[in-house]
Each structure stands twice: as C-alpha cells, then as structure tokens.
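The structure appears right after this line, and notes come after that.
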Amino acid sequence: MTRSSGLANLDPVYKYGYTTASKRFDKMFVNDDNVCNKQPPSSLASQNIDNGHWDANNNAVDSSKSNTQVIVVWRNVFIMIFFHVFAIYAFISTKTKFQTIWWAWTVGQFSSIGVLAGAHRLWSHRSYKAKWPLRLVLMVSQTTALQNDLYEWVRDHRVHHKYSETDADPHNSRRGFFFAHMGWLLCRKHPEVKTKGALVDMSDVWADPIVRFQRRFYMPLVLLFWGFIPVIVPIYCWQEDIFIALSLNLFRYLASLHHTWLVNSAAHIYGNRFYDRKIRPRENKLVAYLTHGEGYHNYHHVFPWDYSASEYGWLHNYNMTTLFIDCCAWFGLAYDRRIVTKSVIEDRISRTGEPLGQLDAEQQQRKPRSAIIDTAVGLALAFWAVILQFSIQYLRCC
C-alpha cells in the first residue's frame, strides 16, 4: 500500500497507518469499519512501534495568509462575565458549610475525569478501550463538566490536533493567550474551523450508543447532572442555603473550565519542548498539576495515542488520570492501553527534541524520590480551592 493509494475513496479520520512503501508510520486515512469496530486497522503495525518519523503537524493549513476577522458573540461575553462575578463574589463573601466545600470539590474532580479520561483519552484518541459500564460513568462525568457533548468535544479536539496552530485550530494559540484560553468561546468560529471540522470522520464516536444517547438527551442530562444533583444534595442532606449551593456549584464549574482551558493556552505557550521543538505545545508542570496529568503537552502532540499522555505514567510523575485508567484496568473495565516504547521516544528526542530532553529523562529515572515529591505537590494544588475556601471561612470566624 502506498501513501496515495485509495485515499481519494476513503473518508478522512485522524489515525496512523503503516505504509509498506516507506516502511514507517505516517498520518493517513483508514477504513471506517475498522474504527467503528474499535479495532486497530489491519494496516496498522504494532502500537509500540512507529519510529517517530511522522510530522506532528503535517496536515496543517497555511496560516501565513490568515485574514482573521473576529466576530464577538456578546451573549457569551455577558454570560461569562456574570458567571465569574457571581461565583467569585459568593465564594469570598458567604459563610459556607464545610460539607458543601468538600462536596463542590468532589463534584469538580468527578467532572474532570469525564473530560480527561473520557472525552480526551478514550473517545478523541482511542488510546485505550473501555467496557460499557466505564463508558457510561465517563459519559455522566463529562456531562457534569458541561463542556459540550462528547460528539462536539471530540470533533473539535481532533481538528485541534490535525490542524494545530492554524486557522483551522478552534483555539489557535498563535492568536494569543486569551484567545486560546477562553476567547475562542466568545467569538464566532473561524471559517476554516468549520470547513475542516466537517471533514473529520466521527463514525467511530457515533457508533457508540452511549455517545448517541448523550447527544440526543444532552440538555435534560445537563440539567440533572450539572445543575440539579450538585445543588440539591447540600440543600437536602445538610440544609445548606440555596444561594450558597448554587454559587459553589457555579464556582467549581468555572474552576474546572479554567483548568481545562490552561491546556489550550499555557501548555501551548509556556514550557519546554523536549520531544519536538518545531511545534508549539510545551511541557508545563503547573498545567499538569491542575489537570491531573494533561500538561505534558509536547509529548502528547508527538505521541497522541499514548494512553498516559506522558512518557512516565503515574509512577514517575504526577498523572492521576493515568492512575484512574490503570485502576479501571485492574478491575477489568479498561483494556488495550496503548503506549510508546522507550526506544521510539529516545529516537524522536535525538532528532527533533531539545538538547536537554534526554538529560531530563535520565535524571527522572535516577531520582525516584522526585516522583513522590511531584505527586505531593500535585495533590496539594488539586486542593487549592478547598484550602482557599477554608482559609476564608477561618478568617471570617476570627
């Protein structure tokens, strides 16, 4: 099979095929049936061998002639301003029961799992497989996050990877930190985003009945899992004030949003590029802490099919999402976790990475105690909102 053979007859889908003519992995299009059946295509070689020779952004559209016209969606602007002002005011000015603080934090962490382990690593990248009970829980969790339904989330993310840092990228970081962070949600999509998004094959996602169910009943599910349950539990169980219950639910929602947005903004602008210095995504520790392991972004854009989204998993650096997937695998709910071999990683670093990349890798392996410190820092930052709220309540009592 050559690179050009049969491509015109196939619908585009973001996968990696093995071209026998070039004897290496490259981005190409695969048959829909292989994707829908959730099996690696027959032309795909071992999940652990690709020699790292493909270009992480070789499908990019030309951004040198960009003529971007920003059309602000004022409704979204006013909603975001209101949400932020209301949530922050309530967070610092109300007397909140400790149970409500812990409850809001728990709901926030639960919702993040659906985005990170579900929408991102499972449905977007197919980096592992999950049985239906786990997929159902991840769907409910992702609904609680209120970041669009799974179908739209996955489509936008696949477009982001395939056309990273171009006008077709929904949150193109070349347009600035604010745009990549949240500005992209406050204006109309660039025409290239819509054009390229319409070409992304989503048949594997639509083949999942859980995804179809969520998309069909998304608004009722949002009202139930994002709005009703997180608010009614503190009101009914420990008689929390309804205003406080509403405001804390809104605050945890906004905190989760900003954590996710930091991957699109900070992790594309600040940090090291150990694995490929030619692309913009970076290794950003702070983002990794706040997103439970999504800040190893240079690695992720080079090897997007790795279920850990990092080189070292959770034993050698902070990556609670990987730990969650591994725990699910131990219980038989997750399987076929895809990884990249060390030799492939080292080869890629030697060709395209920063000179310090290999040294950094060797140092982390030689110092296992640093992983303990790394995890401790990550867990401490995961509780930042709880610590801040407890501090405010303590100062108010004094």
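Just so it is clear, glycine is given a Cβ too, placed from its N, Cα and C backbone atoms.
Look at TrEMBL and you will find 102-306 tagged as domain 'Fatty acid desaturase'.
If you look up TrEMBL, you'll see 72-92 (among others) marked as transmembrane segment.
Long-range neighbours of the transmembrane segment (104-123) within the same chain, counting only residues 6 or more positions beyond its ends whose Cβ lies under 8 Å from a Cβ of the stretch, are 129-130, 135, 138-147, 150, 153-154, 157, 205, 208, 211, 230, 248-249, 251-253, 255-256, 259-260, 291-294, 307, 309, 321, 324-325, 382-383, 385-386. Annotation comment: TrEMBL describes 104-123 (among others) as transmembrane segment.
For 217-238 (among others), the entry in TrEMBL reads transmembrane segment.
As annotated by TrEMBL, transmembrane segment applies to 371-392 (among others).
Through the fold, the transmembrane segment (72-92) approaches residues 182, 185-188, 243-244, 247-248, 250-251, 253-254, 389, 392 of its own chain, all at least 6 residues removed from its boundaries and within a Cβ separation under 8 Å.
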